[in-house]
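Q: Once you've had a glance at the structure underneath, I'll fire off some questions.
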Amino acid sequence: MGLALEQARAASAAGEVPVGAVVVRAGELVATGRNASLARCDPSAHAEVEALRAAGQRLGNYRLEGCTLYVTLEPCPMCAGALLHARVARVVYGARDPRTGAAGSVIDLFADTRLNHHTRVEGGVLAGPCAALLEEFFRARRRARRPQYPLRPDALRTPEARFAGLPGPAWPARYLSDLPPLEGLRLHYVDTGAPTPQAPTWLLVHGPHSWSHGLRHLAAALAAAGQRVVVPDLPGFGRSDKPKREQAHTPAWHRQVLDALVERLDLRCVVLVAQQAAWAHALAALAPGRIYAVLSVDAGTTPCDAPYPDAGHRAGPRALARWPQAAEADGAAGVPAIGARSLGVDPSACLDTPEAAGRLARAAVPYFFPRPPDDTERAPGA
Ligand SMILES: [Zn+2]
């Protein structure tokens, strides 16, 4: 039965329902077989039939008298029929099959003396491992078939094809839908990862006329400078799901989402870069103790429009464009906030090209993360 289990595992590895069989005669292995129905497009390619065919070829006889067939699952009626035709002396099976078992579970073809005078049956041998293999296979298949991020009925999702062929670095798209404030909406973000355990973290938050892609030059420049960069698409933007109702978008809710993201990724000592001063001010209250400073940049001279299939997908940008006043009123920045201009960088164009973003990164990294005091060269702002 151990050898039959090996065959079953091989079937599973090939994507077939894991059932394996072996034919043994006088203590000698005659043939093996495993379920191969999918690969062969053959409904009869069950493990038992495969093993019987191979045994018949090997022994040069379609009668397999004196042989024992070991199979990990109770034979179905088809296989029971084939086993009876072959006059196999003994069938030993592992797990019972309550749905199609023909050795007693549904019917018992072996017990019907009108059909059978030859074959003895024994069940339940290594039943545990045989059944576990099947259960794990079907569990994995159910998992694979379940959509990973089902779309909420009150939201839209921009088809992936709309993002094909975008210029710029292709960081893998990461998704979350289990942050409590998302209530099942899919949130997209980029995380360049920490090149060193102590690498400072930058959280880049786009404005109402942009999305994560609009921050790609700055993200690339910061990552090249050894920083960890996290760039989410706010709900309603880019690759994140888009609630259809404008009223769904409130500053408080977006702040909760970002807050939960910062917590989930366990970002600490974060410099938050926001693409709009008022928005930056509002977000500074985010994730108490985790945001260390805020840097605001302008939206860029060229708005970075996400591919929106229609006006229905634009509820988020419409809502955010109306926010600045409200956001300023309820922002409670307890952390230092500066603008790009304070770093000697033109804030209006600093996101538009790799060169401009590089200048901003070269000014901002040493400003916020000065080198340790034992360094001879002190950074500005240290
Ligand atoms: Zn069968």
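Even glycines carry a Cβ here, placed using N, Cα and C.
Annotations for this protein, taken from TrEMBL, read as follows:
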DOMAIN    1-122  domain 'CMP/dCMP-type deaminase'
BINDING   His46, Cys76, Cys79  Zn(2+) binding site
ACT_SITE  Glu48  active site, proton donor
Q: Counting all other Cβ atoms within 10 Å across every protein chain shown, which of the binding-site residues Cys76, Cys79 scores highest?
A: Cys79
Q: Tell me whether Cys79 (Zn(2+) binding site) sits in a helix, a strand or coil according to DSSP.
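A: Cys79 (Zn(2+) binding site) sits in a helix per DSSP.
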Q: Please identify which of His46, Glu48 has the densest Cβ environment, defined as other Cβ atoms within 10 Å, among these recorded positions.
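A: Most Cβ neighbours within 10 Å: Glu48.
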Q: Can you list the residues of the same chain, besides His46, Cys76, Cys79, whose Cβ falls within 8 Å of the Zn(2+) site's Cβ centroid?
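A: Residues close to the Zn(2+) site, other than His46, Cys76, Cys79: Ala47, Glu48, Val49, Pro75, Pro77, Met78, Ala80, Ala82, Thr100, Ala102.
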Q: Give the distance between the Cα atoms of Cys79 (Zn(2+) binding site) and Glu48 (active site, proton donor), rounded to the nearest whole Å.
A: 6
Q: What does DSSP call His46 (Zn(2+) binding site) in the simple three-state scheme?
A: coil
